[in-house]
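What TrEMBL records for this protein:
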type    : residues : note
DOMAIN  : A:38-133 : domain 'HPt'
MOD_RES : A:79     : phosphohistidine
């Protein structure tokens, strides 16, 4: 009983990430790539994403501190950042990336800075949510929902 | 010419004669993004392909023995069934890599697929004209890989799927180098693009 409730909760949490627009179908693609040989694939990719993109964020921050903004450079960093964000299904982050690139295209420094602040917010919100989700999911992996030990539905 | 023909014939026999699943396809994936490399690697592994993933066009050429360095004897045994490369990469772009591969006698017959997050028609056409098999919009999906795998397993000659017109026969490719006879390049444009503006 408890196990069913737990898995229902996990499923609801997962669904809310989609419903609230944090994740898109690319995340589901990643889930489909998870198998017995790679049971933590999604978490691994997400972890890699956060590690790798931290570097990009740092580069962008440094660039934005300059008095003369190099919009080409900024756009190039953001292109990479958008790419990886898209690869993990980070929907809101990806949208902010597009916005930032628009500001680069029009040479709008203020817009870039505003958009970047928002992007960092979305980025860290998603990180917290995914970390929490994976933590709970790990617990569930000990007792997978389709396990033969699953208790009967009451 | 004869030597190339022999290699081709052998290659075709291998491609067409091998039943599904008995021989693993070997795919070379090129992408500067760490995340994308990890994903494409898994996409291919799940699809029962052997993967070699490298981070740049330069590394890809090194791996293929096309970098001008003394090629090792081992490279004669190197069998690559498909090359998937990102378009936008620092240094050598996927387009430049494509040209180098198509310009080589050893690997010009290997299908090269370009991946890009940007749906730019001019870019797509440029790649197709240079001999790219297909242009795939990122993020690459399992269905894309499956489609590619099916295509390769079937062999590049006759197609049964009818999803694409045979744009070039292998032999024409080798002997006439007629790259610009694509009837309608847009037919082979990014499979998932909805508006080729």
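Using N, Cα and C of the backbone, Cβ positions are placed for all residues, glycine too.
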Summary of DSSP states over the domain 'HPt' (A:38-133), given as helix, strand and coil counts: 82 helix, 1 strand, 13 coil
All-chain count of other Cβ atoms within 10 Å of the residue listed as 'phosphohistidine': 16
